[in-house]
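For reference, the structure discussed in these notes is given below.
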Amino acid sequence: MILNIKKLVNIFLMTQLIFCLFNELLYSLNENMSVLFYIPDILCVINIFLVFIMNRDKIRLRISIEMYYGLIAILFIIYSILSFSWSSYNYYDAFLRLRYILGGFLTFFICEKYLSDWFYVQIINLMSTVQIINLFLVSYQLIILKLHPDFCNGIFGFTQYNNAMQGIFCLAISLLAVIYFVDGRWKWKRSVLQIALSCIICALAEIKIFFVMFVIGVFLIFLLRKKNRRQKIRVTIIILGIVGLLIVAYQVLKIVMPENLRVFQSLEGALFYEDRTTYAGRTNTIPFVYHNVFENDWMFALFGTGIGTNAGQYIYELGKSFADLGFIGLGLLMAFLGCVFLSGIYQKKEYIETEQFSTAIFSIMIVIGVIVWNCLFTRCTYLVFFFLSIRNVKGFRDNEYRKDE
């Protein structure tokens, strides 16, 4: 009976992610489809109920690093809820934020504990295939529909600014492709294909920060991963391949939006691009919010204005979280991501598993993503927390997992 319920949990998890991948496109085609945005939330609630059934007689407390980031996550959720008591009582915006905060963390812990190897492999295979469709749609939206690159987001729609969803999804798939190739789980053809698809998609959609984060991620993989002779050869191959793909992507960007390439050409150009507005950009969010929202009051800045009060006024997650939850809320969020990183590089055995290591890399990418994107507590929250939670699965090992797990 437990195995059947666990399988059902995995089916709902996979369905949840499928809706996250295609909801935006369906909404772009017909705005009446917005009701579909609630299906991942409903599936999350159903999974919580199923997990409770499986574990009603098995509650145990074990001291581990998982317990620490579980405790931090609970504190962050409780603090977010309590902050409503000193907010502006904007019920809609508060509900919107709490909906994704609760959904993201609950999905994280369900995936970490109950995601089976077989379903994980099917999900990654599906996402890999979806990238081909994604490239076709981005090309169609840019070349045939002649939309601005900001609206050419493939499976993530073409009527809203969903660059962050596209960028974080492409980044996760690309970094997984690098790690799986270095560890010998994927052949070079598959890894290069996934990296190439992501690079071309982000070049066409003019998601420049993807390339910066991808290079940082690859550097961290090579820095933190212990390598034998065979892996060193693979590292050399993948570096050459990535350099070639980045050159191709740069040429595509020259065609799509040549005026914005200044961001890559010098530090001055990058700062000019980020500071082109007097509002809270990527490089001035903390001082801007501290001065304009908290009026340089450190006590006010410690607690924030309360959930749902100011989040809607800021583009990036850093501004949203800092304005609403202050230094305490932002600190708890960063502490959670820090614990995910530590659990990803914590070595119980002689060798750190591939998926465990990938969560360490992705947690760093999310820390950067909080600064440069609005990608955490939005409609892509389930995708983000899925990639953060895969440390316990073992995918793409020959005959090492069963379909009925």
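Heads up, the Cβ atoms here are built off N, Cα and C, so glycines get one too.
Taken straight from TrEMBL:
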type	residues	note
TRANSMEM	7-29	transmembrane segment
TRANSMEM	35-55	transmembrane segment
TRANSMEM	67-88	transmembrane segment
TRANSMEM	123-144	transmembrane segment
TRANSMEM	164-183	transmembrane segment
TRANSMEM	195-223	transmembrane segment
TRANSMEM	235-253	transmembrane segment
TRANSMEM	325-347	transmembrane segment
TRANSMEM	359-388	transmembrane segment
**Study point:** When counting Cβ pairs under 8 Å to the transmembrane segment (359-388), the leader among 7-29, 67-88, 123-144, 164-183, 195-223
**Key:** 164-183
Point to revise | Two-stretch contact, the transmembrane segment (195-223) and the transmembrane segment (123-144), at least three Cβ pairs under 8 Å | key: yes
Check your understanding: Does the transmembrane segment (35-55) reach the transmembrane segment (7-29), going by 3 or more CB pairs under 8 Å (6 or more apart in sequence)?
Key -> yes
Review point. Which listed range (7-29, 67-88, 325-347) shows the maximal number of Cβ pairs under 8 Å with respect to the transmembrane segment (123-144)?
Key: 7-29
